[in-house]
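Contents: one structure, followed by commentary.
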Amino acid sequence: MDRKTMTISAWRQQLQNGDISSRELVDQHIERLETAEPSLSVYNEITVERARADADRIDAARAAGESLGPLAGLPLAIKDNLCTRGVRTTCSSRMLEHFVPPYESTATERLWQAGGVLVGKTNLDEFAMGGSTETSAFGATHNPWNLDHVPGGSSGGSAAAVASGSCIASLGSDTGGSIRQPASFCGVVGLKPTYGRVSRWGLVAFASSLDQVGPFATSVADAAELLQVIAGPDPRDSTCLNVEVPDYSAGLNQSIKGLKVGVIKECFDAKGLDGEVNASVRAAAAQLEALGAELVEVSCPRFNDGIATYYVIAPSEASANLARYDGVKYGFRAADAESLATMTSSSRAEGFGEEVQRRILIGTYALSAGYVDAYYKKAQQVRTLIRRDFDAAFQSVDVLLTPTAPSPAFKAGAHKDDPLAMYLADLLTIPVNLAGLPAISVPCGFSQTGLPIGVQLIGNVLDEARLLQVAHQYEQAADVLSQRPKAPLVP
């Protein structure tokens, strides 16, 4: 399979022309999945029977001349923290190992209404807390470009699924970079929409004011198509914005001549920024300039305060959200408890992994009496200042540009005993979540060792259309993936 022929529009045309059936397309991807899965450990659940049944149903509908949705017959994967009715949703945690949701998340429901076919639920860091997909209770996922390296996290399974060709596209969630960082590490496109652009109904909550659902794809155009399907108001989610959804594909081919691209100074001065990443991202900026965009250096003085701010706010919200897992109504329950109190404490101690427990403790401490003003409230104040820095920057530019991650994918186990080093992998993505802005990671190069590098483009609130336009124009001009190194598990 050539990645240039693996786009949604290309497959849709082949399906409409009768060059391939939905069943044949699904079987191709299942075969690819079954070949790669023993090496990659991408999936927590593989839904072969459901996928084939859905494909057969769509083929019958097509033969009967029925109207079909824009994703009809296309195999998709879903991060295993989005509820799928009748299919296990585990959050890669022992706590929810056997949980089968009785309802469907809004985002996935819209995919199925558009004709998408579920091939499986993808691995993640437990409860989406991590940056490497190593904290999963079911084992780590590996990077398709180099099995000794991580795929990023927390949506590492969704990124690796697209990169390895076991699905055409996938969904992930992004709380502090969990779509964009894995997209960078795995050499795919990852889009985090504006907070509230996509419903969070049915997304198992980590940090409710930061979480957002978004797509992984092999191209910017595919990401635009997926966003078109999943975006829009939802009365079941009070934080979902009640605003019209524009046509995200309409402006992709428009010139970016005259647009102003802000290069955030603090990001290129960041401690620990890899030299190859710096060079690749600066080359991406130069490519945009060659396309007619104007590069403007801008300052976001509090950008690098994002990490400290996030690691007060996100654990605080996690502490509250995960309080529901007590072994009483559903989820893991410890055996042989002598009382309700010991049953609850034992269930949480045995059901949650080390990283989840660490973040719950941090959050509980930050919210405790005597510390809430010094930590949580102060962090919220800094969050406001970070947002104001972005507001000021967008007064003079149309989009912002940074590296997606400070380095290419690191080796598995490299940060096992140093959680702070792991947290710093999201240094360049976290501020975007704190401000609720849309951002996209697009491949922009490779390291000397053959690992992908991503450039992050950041848009203003609800300006995904322009963000996608700039990203698409860059992608088409740079054509980075045509010069990619060979990797046995990347088609």
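Glycine is no exception: its Cβ is also placed from the backbone N, Cα and C atoms.
Going by Swiss-Prot, these are the annotated features:
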- Lys79: active site, charge relay system (ACT_SITE)
- Ser154: active site, charge relay system (ACT_SITE)
- Ser178: active site, acyl-ester intermediate (ACT_SITE)
Show which residues of the chain containing Ser154 (active site, charge relay system), separated from it by at least 6 in sequence, have their CB under 8 Å from its CB.
Leu124, Asp125, Ala128, Met129, Gly130, Gly131, Thr133, Gly172, Ser173, Thr175, Ser178, Pro182
Cβ distance under 8 Å to Lys79 (active site, charge relay system), same chain, sequence separation 6 or more: which residues?
Lys121, Thr122, Leu124, Ser155, Gly157, Ser158, Ser170, Leu171, Gly172, Ser173
Within 10 angstroms of the C-beta of Ser178 (active site, acyl-ester intermediate), what count of other C-beta atoms is obtained when all protein chains are considered?
37
